[in-house]
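Asks: So Swiss-Prot has the following annotated:
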type	residues	note
SIGNAL	1-20	signal peptide
CARBOHYD	29	N-linked glycosylation site
CARBOHYD	62	N-linked glycosylation site
TOPO_DOM	103-112	topological domain 'Cytoplasmic'
DISULFID	158-239	disulfide bond
TOPO_DOM	182-205	topological domain 'Cytoplasmic'
CARBOHYD	242	N-linked glycosylation site
TOPO_DOM	279-306	topological domain 'Cytoplasmic'
TOPO_DOM	373-427	topological domain 'Cytoplasmic'
COMPBIAS	416-427	compositional bias 'Basic and acidic residues'
MOD_RES	425	phosphoserine
């Protein structure tokens, strides 16, 4: 419940903060439209236009063409800083939360199993996005231009940014699918108690997920380039998708539908299918004595299934507004419509909400695990308390023959914690 309240808070924050067009805001999302990279106000191309422009594009400065809204729009300073604060909060929470989650799974042997390995893979993908992509987002928001836009490093960032962006989302989507399949396998073989350790098939799945995510993101690295264009008599450069081959033109035409189908619908359909099969298995297999003997084991598996389902629901809530905005823009918008600017205002509002909710998905999974899973909650608390205890011990410990009593006690406490955590490890 706390997770949904947090999401609602950010939603209302963005509704209240959106004042006008945001030409400087590079969207941390699945879209690669030209408007997301153009830092210049006053043109409709900033929001809808097209992702393909010739290298020597000249934009009219009088706004008289049908493709431009008559009134120049600009973003308020307050809205800039609201978005900056939100991005910085997501950066801190995402970095601390995902790094702590990885540390918990790495340091506790009892946590090294199939489901937790997939959750660690999910956290690592989110951590990469938070550490690398979010700082670029904040820079574009405040500076109103692409970083290092006049040298080779800017070109490198122009290709790296969308590549990592799409790879991170692919890692999230495929890990959620793998978790759903893993939960079905666990229930289908519910009489088998899994030991500690990562199964070989799970390790193969994780490697395949990362390789496939990188492969699917290659068109982003190929298509995005620094494109010079003239605006109000000045030559500028911006990072955008510039289709120069038939394949890239095809990719550009079907991109919105491809993103919606593969990166959004697929994990939801996969979860629905395998959770339906899992429910049927649990209803059909009711062996009385064996079921009683494994009742505690089944409770643990149900808790893991509930955790995975919660992660999928959060993913859907965070990404749906953004995909809805892109699909509406693809199907409803008409350049020749005289009332298109009113539609743009509505779609822009949805775009901002979707962008921030989608970005928030990179930091919310550790929070969800804290509230949904008792074992992860205990591990998070133990990890944080351990860090505080270590800091205090370093200041108060008394050396004895080159050692410290506190370190010995801490080692004993860690051994007891690991032994107690082994009793309720996820299966």
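We count from 1, first residue shown onward.
Just so you know, glycine gets a Cβ as well, placed from its N, Cα and C.
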Asks: Would you mind reading off the Cα separation of residue 158 (disulfide bond) from residue 242 (N-linked glycosylation site), to the nearest angstrom?
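Replies: Here the two Cα atoms are 12 Å apart.
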Asks: Given the disulfide-bonded residues 158, 239, which one has the fewest other C-beta atoms within 10 angstroms of its C-beta?
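Replies: Output over disulfide-bonded residues 158, 239: least Cβ neighbours within 10 Å is 158.
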Asks: What is the Cβ neighbour count of residue 242 (N-linked glycosylation site) at a 10 Å cut-off, with all protein chains included?
Replies: 19
Asks: Tell me, by DSSP, whether residue 239 (disulfide bond) is helix, strand or coil?
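Replies: In the DSSP reduction, residue 239 (disulfide bond) maps to strand.
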Asks: Take the topological domain 'Cytoplasmic' (373-427) and average the pLDDT across it for me.
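Replies: Mean pLDDT across the topological domain 'Cytoplasmic' (373-427) comes out at 54.
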Asks: Return one of helix, strand or coil for residue 158 (disulfide bond), based on DSSP.
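Replies: Residue 158 (disulfide bond) sits in a helix per DSSP.
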Asks: When DSSP states are grouped into helix, strand and coil, how many residues of the topological domain 'Cytoplasmic' (103-112) land in each?
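Replies: Here the numbers are 8 helix, 0 strand, 2 coil.
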